[in-house]
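Working notes, beginning with the structure itself.
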Amino acid sequence: MHIIAISINHRTADVALREKVAFKADAIRESHLDLFETKSILENVILSTCNRTEVYAVADQIHTGRYYIQRFLARKFGLEVDEIKEMSEVFVGDEAVEHIFRVTAGLDSIVLGETQILGQMRDAFFIAQEEGTTGTIFNHLFKQAITFAKRAHHETDIADNAVSVSYAAVELAKKVFGNLKSKHAVIVGAGEMSELSLLNLLGAGIDNITVVNRTKERAQQLAEKHQTQYADLSNLNELLVNADIVISSTSAQNYVITQEMMNNVLDQRRHEPMVLIDIAVPRDIDPAIELDMNVFSYDIDDLKGLVDANLRERQAAADQIAEQIPAEINEHNDWVNMLGVVPVIRALREKAMHIQQDTMDSIDRKLPDLSERERKVISKHTKSIINQMLKDPIKQAKELSNDKNSSEKLELFQNIFDIEAESEYKKSLAKKERKLSARHILGFE
């Protein structure tokens, strides 16, 4: 059995293409089942976010599995197979396992180390589990990847440092005030950067936010969208007097907050702490403003310097996480290799126990007058003999898990001891047949 991952992401396709191959939320469950019905696919998980569409599968053959996944995607989105090939990356075997770990840990995201993808991957796995399209391999692998990502984020704090200008603005305010929940924030502007700043302020727990814009209707639209307040730009002076945090991002060609305005504001504030953050180009806040010791002012260069430093820290944390992935892959492979050995050992033990039980039945027939104590002693000793006889064969079988020719040698092992173990492949195939049979009986063609 082979693990395959096919990824359409921000590196391989622009946003217009990614939109074409995004699964609708109300169709994702049915899509799992549609792929599961496909020839060669034994297990599958589908991940679909705004930045990536990925299919993970356990297939009986690499080439057929890859083709049927690509064909599935092409048919699902009305494209040609060649179009899917052009916009996707394909990972097989250890590379596919590594890719799953990297994606889950946020190492493959546009925003390096972001944590949202972990929840999205977990949800994708849970949906696949609920629909019955995962089995022994993926149930183990995805749990391992999710656990690894959680641990990696906790140990490295990779997501703690701001790597966007709007988020960095809020982080700077936190450094001044600590907890922001009781603070009043004013956002000057109603564009994309202003909305991102608003979202980050809300995320920091601030609910007293006023959006100010030259066009009052745009301020109203943004404020109502996020259930905050709004005001006309003519009220800015009054708002600044009571504001703790001001984030300005307009397209104005002249200063929106002038020295004269701030002189008046500072006189009324009585030296209360205040943070001014200017993320506009050209600048909205006059750099000539004479600030007192309790007013902290930052512009776009200050923020970019912080973002750049944080990006370096994130990259160092990402490198640290990436260094741990090979060990996780080895752990996964060791577990997979043992999958082939465990049924063989189980079959050997079962055969030995049958022999022991047959022996005890024969003794009972030939020596019917044995006391219960005598029977228990004989049973104990026959089991002991069998366990001693099995010790070396079982040890040899376990060592085969690390042998590159383990399949052939395990088959020889079974022939020598005249046993037959059910392989993981046969179990997966049987599970798939049962699932599809039940689905067809219920009328889901």
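Here the Cβ of each residue, glycine as well, is placed from N, Cα and C on the backbone.
Because the structure is a prediction, the values reported are computed rather than measured.
Taken verbatim from Swiss-Prot:
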type     : residues                                                           : note
BINDING  : THR49, CYS50, ASN51, ARG52, SER109, GLU114, THR115, GLN116, GLN120 : substrate binding site
ACT_SITE : CYS50                                                              : active site, nucleophile
SITE     : HIS99                                                              : site 'Important for activity'
BINDING  : GLY189, ALA190, GLY191, GLU192, MET193, SER194                     : NADP(+) binding site
* Distance between GLN120 (substrate binding site) and the residue listed as 'active site, nucleophile' at the Cα atoms, whole Å? -> 11
* THR115 (substrate binding site) to MET193 (NADP(+) binding site): how many Å between their Cα atoms? -> 21
* Structure fact -> The recorded positions listed are HIS99, GLY189, GLY191, MET193, SER194; by CA-CA distance, the one closest to THR49 (substrate binding site) is HIS99
* Asked: Under DSSP, is THR115 (substrate binding site) helix, strand or coil?
  -> coil
* Would you say which of the binding-site residues SER109, GLN120 has the most Cβ atoms within 10 Å of its own Cβ? -> SER109
